[in-house]
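Notes follow the structure.
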Amino acid sequence: MALYEYVTKEQLAGFDKYKYSAVDSNPLSVYVMHPFWNLVVKFLPTWLAPNLITFTGFMFLVWNFLMLAFYDFDFTASSVGHEHVPSWVWVSAGIFNFLAYTLDGVDGKQARRTNSSTPLGELFDHGLDSWACFFFVATVYSIFGRGESGVGVATLYYILWVVLFSFILSHWEKYNTGILFLPWGYDISQVTISVVYVVTAVVGVETWYQPILWHFLYRDLFTFMIIACSFTVTLPMSLYNVLKAHRGNTLKHSSLYEAFLPFFSPVLLFILSTLWVVFSPTGILEQQPRIFYLMVGTAFANVTCKLIVCQMSNTRCQALSWLLVPMAGVVVLALSGVAISETLLLYLWTTFVILAHIHYGVSVVRDKIYIFNYSCSITTQL
């Protein structure tokens, strides 16, 4: 077996020199959540591994997704005339979402408390965060659904992409500045989502049918808040931080091409998936929205993880993610009508993407541990 397969020798060397640098200026986070997390972490046993805390929080989100998929697979349960999701499911979703958010906040504190902070732990945390973006959006969608008073599946598809690009902006900033500027929208959205789940259990989904003002519905507020937050807060702050680093001569990549290189694969993924949505012979997004969102969200997480590896190891980002090469073939096959079943093709490709992403994550961890053990053995021999 090769000494390393998914992480280059240069990247592994960069990990050894890596130091965490982040800025969190969100008032909600600074004055409310961090004091709360500092209190919570004191109740955790010192033998509890930070990575286990991270993984447990992520699995709460996966469980929410699976739970809502069982009761609302095609996002129609909240529509008029359909059997609605039971109230206890919404209460559970609210509790699990807040638990996931809390565990995501205390894992790093537990690592520092037990003196077990490592670059691998941060990579594991941020890698799961990149995948979690999809689970947040898909689960919240069940509140409004795709009915007359809900959000269309195509609209939700583009909203998902707004959220995904908002996430990658933070890591693009760090790739160029060396500092992770934590987005304000994350903390606000997590608290809001948790509360909305519980409120939905109390008042019922019918409440969201009612207009807030004139013909402005709650679904319109939901859409407006996500888009407005991304384009008026997240994007301007990201550009400001990068430009500030440029003026201060601290920008890590002076070339415009190198600075924007991390966007190539995400944009290509957006183009490929959107071509499939727009030109699908059977209207695949209308037929299988949940699976299509899962495929896009997982492929995005895979692309983003490779950027996170590069920015943490201070190495050059590769322009093209290999996963997009076979995806291009899948899209061509789907649009040509050659495939016997477009739905079957989507299911097979989604399965492949999930397995490929899990394999990549396991391989990166394995290679990092293998190199660490190999280095320790050489040091011992010396």
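Including glycine, each Cβ sits where the backbone N, Cα and C put it.
The annotation transmembrane segment is assigned in TrEMBL to 52-73 (among others). Using a Cβ-Cβ cut-off under 8 Å and counting only residues 6 or more beyond its ends in the same chain, the transmembrane segment (52-73) has close neighbours at 44, 85-86, 89, 92-93, 96-97, 99-104, 106-107, 110, 121, 124-125, 128, 131-132, 135-136, 138-139, 142, 145, 290.
Under the heading transmembrane segment, TrEMBL lists 85-103 (among others). Note on the transmembrane segment (85-103): residues 36-37, 40, 53-54, 56-58, 60-61, 63-64, 67-68, 71-72, 77-78, 132, 139, 142, 190-191, 193-198, 200-202, 204-205 of its chain, located 6 or more positions outside it, place their CB under 8 angstroms from a CB of the stretch.
Per TrEMBL, the feature transmembrane segment maps to 123-144 (among others). Beyond its flanks by at least six residues, the transmembrane segment (123-144) meets 51, 54-55, 58, 61-62, 64-65, 68, 71-72, 75, 77-78, 85, 93, 97, 100, 104, 107-108, 150-151, 156, 159-160, 163-164, 167-168, 171, 189, 193, 196-197, 200, 205, 208, 218-219, 222, 290, 293-294, 296-298, 300-301, 304-305, 308-309, 312, 357, 361, 364-365 of its own chain at Cβ-Cβ distances under 8 Å.
If you look up TrEMBL, you'll see 150-170 (among others) marked as transmembrane segment. Sequence-distant neighbours of the transmembrane segment (150-170) (same chain, 6+ residues past either end, Cβ-Cβ under 8 Å): 75, 78-79, 129-130, 133-134, 136-138, 141, 144, 180-183, 185, 219, 222-223, 226-227, 229-230, 234-235, 238, 262-263, 266, 270, 277, 285-286, 289, 292-293, 296-297, 300, 304, 307.
Residues or ranges marked as transmembrane segment by TrEMBL: 221-243 (among others).
The transmembrane segment annotation in TrEMBL covers 255-279 (among others).
Counting only same-chain residues 6+ beyond the ends of the transmembrane segment (291-309), those with a CB under 8 A from a CB of the stretch are 7, 11, 123, 126-127, 130-131, 133-135, 137-138, 156-157, 160-161, 164, 167-168, 171-172, 175, 262, 265-266, 269, 273, 277, 284-285, 315, 317-318, 321, 323-324, 327, 346-347, 349-350, 353-354, 356-357, 360-361, 364. What TrEMBL records for 291-309 (among others) is transmembrane segment.
Feature annotation from TrEMBL assigns transmembrane segment to 321-340 (among others). Using a Cβ-Cβ cut-off under 8 Å and counting only residues 6 or more beyond its ends in the same chain, the transmembrane segment (321-340) has close neighbours at 265, 268-269, 272-273, 275-276, 279-281, 284, 299, 302-303, 306, 346, 349, 352-353, 356.
Among the features that TrEMBL reports, transmembrane segment is placed at 346-365 (among others).
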For the transmembrane segment (255-279), distant same-chain residues with Cβ under 8 A (at least six beyond the ends): 154, 157, 161, 164-165, 168, 171-172, 175-176, 242, 285, 292, 295-296, 299-300, 303-304, 306-307, 310, 316-317, 319-321, 324, 327-328, 331, 334-335
Long-range neighbours of the transmembrane segment (221-243), counting only residues six or more past its ends (CB under 8 A): 140, 144, 151, 155, 159, 162-163, 165-166, 169-170, 172-173, 176-177, 179, 181, 183-185, 188-189, 212, 251, 259
